[in-house]
Each structure stands twice: as C-alpha cells, then as structure tokens.
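This report refers to the structure that appears directly beneath it.
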C-alpha cells in the first residue's frame, strides 16, 4: 500500500462516483489493470503523488471497491530516488584519457581524436577515440558512412611491447550489390601498418551464413577487396538464440531442478556450448595479438558479441583488468561507453517481457569471466561475490551504471542524478577481494574452452531454487578470513607493546653506559 499522500483535486467527491464516469473508465483502463473477480472500478483520476521521502510524481490513481492503485506516468526508476551515500564517487573510476595513457597512448602511430565530441559521427560511441595517426578526421567521416550505425574501427587496446592492437567496429555496409568503399579499405590498412602486421585479421563474431544473410538488409562482411587482410568467422549465435538458450536453462533449474536427466537436459539448453564459443573466440583474438598481429573485431552492430570478445581478450592479455578496480574500468570502457544496449537487452522500466531486443549478452560475459576465475584461481584480485553483485544490480535499478543504451543518452541524466555501482563496491572492497590472488603482470591467460572444463555456474543460476541450499563460503576462504582477523589482532597487540616500550624508554634517566640500545625484533606473521 502506498504511503499517505497529499493530492490536489478540484473535483467534488460526489462527481467521482457518477455512473457515466464509471462506465467510461471501465472501458478506458480495462487493458491497463487486471481486476479480481467481483472487483469493480470506482474512479480513476490524474493526480500528483507527493511522496514524503522524495519528489512529487505525476500519475493516475485508480480506486476500486477493493483497493487503491497508483500508476506513475513518468515510470521513474529507483536509481533516481536512492539516497544512499558512499565515501567514493564511483563515476570517477573510468577516465578515458587516463586509461589511454596507461596503455602508452597517444604515440607515434596512434592519436586521440575528439571528432565525436558531440556524438555527431556516431551517437552510440564515446566522445574520445583512438585512431591511426595517418588518418584524418575527414577520412573518419567517410568511413563512418560505410559502417553500420557509424561505428568505425577504433582502438580498444594496444600491446605495449609488440604494439599490436585490438580494434572494434560494426559490419561494413556491403549489401547485396557488393558495394566497396576505398576509404574504409585504406583505413583498415592504416591499422595494419601501425605495427607492420603482415596481415590484418578481421574477426567476424557471426556464423558465416548469418553474415551472408545480413547482406539482404544492407550489411555484410569484408571481402577479397580488403588486401593484406584475412577474415575469420567465429560462429557465435545472435541475441535471439542466446535469449532462448537461457530460457531453457531457467526451465531446468526453476522451480525444480531436473534431477533425473540432468546432464542431457543441461546439454539441450546449449548454454555452455555458447559460453565455449565466446571464450574460444576471445582466445583466438588474444593469441593473435600476443603474437604481434593486430586484429579488428566486429559482429553486426558491434555492441553485443563484439564487446564480449574484446573485453574477454583484454582480460586475458592485460593483468590490470584482473584487479578489482581494473575490472570496473574494463566494464565501463568496453561495455558502457561503447554502447552495449543495456536498456534494450535488460528491459529496465519496461513491462514488455516478450520484447525481442532482450538478451543476456552481459550475463554471458560475466559467466565467461567466472569460468576464467575457476581455471585461474590466483590470477584475479576480485572474487565471485563481485560477479554476483554486478549481476544482481544489473537488474536492480538501484544504481545508474547500467541504465540507458549509450553514453550520449546516459550523459544527460545519469551521473548527476544517480549513484554508480562502483561507489558501493569500492566502499566495501574487502568483501570482494580474492584471498588467493597473486599478481603476475606479464602473464597471458589462455583458458581451456572445452565442454570438459566448463561448469554451470550453480551459485548464480540455481541459488534461488528453494530446494537447493545456497552455497556457503568455502572452508578454505572461511579459514583465511579467520587468519586475517588473528593477524590484525596480533598486529594491534604489537603496536601496543611498542608504544608501551617507547613510553618507558622516554621516562628512563640517561646513563653513561656506552652500550648501544638493543634493536627490537619485528614480529612476522605467516600472512
């Protein structure tokens, strides 16, 4: 039931219950509110709901012979109402120029351009982009005209030693007639020349048959006219296949786990098969770059499978992204700023659950990250709890991090009116840390992408099943936390002893003895 409200309505109470009004309202709102058997509408009225905790909200109130129902015409998400305060502003975790400088950019081969400062070239791209030094802004505009949604190839990551890069974009607009664009062909060759790669590898995330079919709608793929380039299809299915796969997975774990034919039921969902293909594609990207060859990655529009591949490859190549803060930067960079359509894929504030744009692309990415943490338990500074927290708040609408489809829409609303998820995470960092983390700056991770080594993420997909007890903290982690508490206790006692000894020495009269004071022996705990 809603809280007491202050409502302004000039209409006399008697007029509200006129039979004419009742009948018209029944017809008008019949599709909006489902009535219980025997429940009758009395009135509906446009009002302003003055919430005692937040601002006034415009909407419509419906009164029946059973209940009062208020529906906001603004449909505000809770993220705009949240009053939670944190010690750190999570919106500052990612600064594009700082991240470019960390990678060693700009340099003699790559420059930073602000051509998209007002989102004029591409309204779903960030404002700050890294492109080849040889390219001019006029070239970029011409290339944008030949790429779907204007999403031109731009640098995501550069290898510090061999200078090979991961560039991302959308499909070329080849169409059924096989159109060519000399500017686009020359631009991709500039990417290749930046580190003298013999052949630029273009990874198309789609199955080849889908890429061919996209020609019918004006899309397509890079053909033989792109000299000094090779095209590799990665056979990752589209958003609709992934959505149906997750639905099948849900059906076998909720409300009841399919115990009798568990393995065959799990196999029939194809979920782990899709996870395997995404990981396998990212491994190919990482391996090619690690060996000194630059790559370009795209799917259709470059905001779903492309984000999965680039971010996972960067996670394999760059240990910075395997730290707690670095992982936040990776998500902000490759997913949020580069325009993964969170609003469309998740459906925030939209009751149309049958929307064909919905798809668990980001969930699948986090699943892939979890698979990597299982295979490399000491390589990540963060733990499983962080991944669970991210997915919980992907849907919660408590934070502004995953609202809207792109940076241009987000800039107008989110940072000034909502709180970042990273504010929460970084205010309680200790609970998200992996106790077994061992930093290894130069190590490239190559997970095994085979069905024998992949697992269903039970802690996420089955944790709400009433018949499955939620997995508790592992005994090893629990013991580790106990040892940390014991260490802190010993260190506190040591500090007290040192302060006490210093105080006694200060009160001891000076002696003529030339014997030097005995040094204190530091106490070292096993941790």
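Any Cβ shown, glycine's included, is placed from N, Cα and C.
Here is what TrEMBL says about this protein:
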type: ACT_SITE; residues: 299; note: active site, phosphocysteine intermediate
type: BINDING; residues: 238, 239, 299, 300, 301, 302, 303, 304, 305; note: substrate binding site
type: COMPBIAS; residues: 498-515; note: compositional bias 'Low complexity'
type: DOMAIN; residues: 90-461; note: domain 'Myotubularin phosphatase'
type: DOMAIN; residues: 269-315; note: domain 'Tyrosine specific protein phosphatases'
type: REGION; residues: 498-527; note: region 'Disordered'
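Per-residue confidence over the domain 'Tyrosine specific protein phosphatases' (269-315) averages out at a pLDDT of 98. A straight line from the CA of residue 305 (substrate binding site) to the CA of residue 299 (active site, phosphocysteine intermediate) spans 6 Å.
Annotated substrate site 238, 239, 299, 300, 301, 302, 303, 304, 305; additional same-chain residues within 8 Å of its Cβ mean position, judged by their own Cβ, are 205, 306, 361. Taking Cβ-Cβ distances under 8 Å and a sequence separation of 6 or more, the neighbours of residue 299 (active site, phosphocysteine intermediate) in its chain are 170, 171, 204, 205, 206, 236, 305, 306. Residue pairs drawn from 238, 239, 299, 300, 301, 302, 303, 304, 305, the listed substrate binders, are separated by up to 12 Å at the Cα level. With a cut-off of 8 Å between CB atoms and residues at least 6 apart in sequence, the same chain places 124, 151, 170, 338, 339, 340, 341 near residue 303 (substrate binding site), listed in sequence order. In sequence order, 148, 149, 151, 170, 171 make up the list of same-chain residues 6 or more apart from residue 301 (substrate binding site) whose Cβ falls under 8 Å from its Cβ. The Cβ of residue 238 (substrate binding site) lies under 8 Å from the Cβ of 206, 210, 300, each of which sits 6+ residues away along the same chain. All protein chains considered, the CB of residue 305 (substrate binding site) has 29 other CB atoms within 10 Å. Across the domain 'Tyrosine specific protein phosphatases' (269-315), the DSSP tally of helix, strand and coil residues reads 32 helix, 4 strand, 11 coil.
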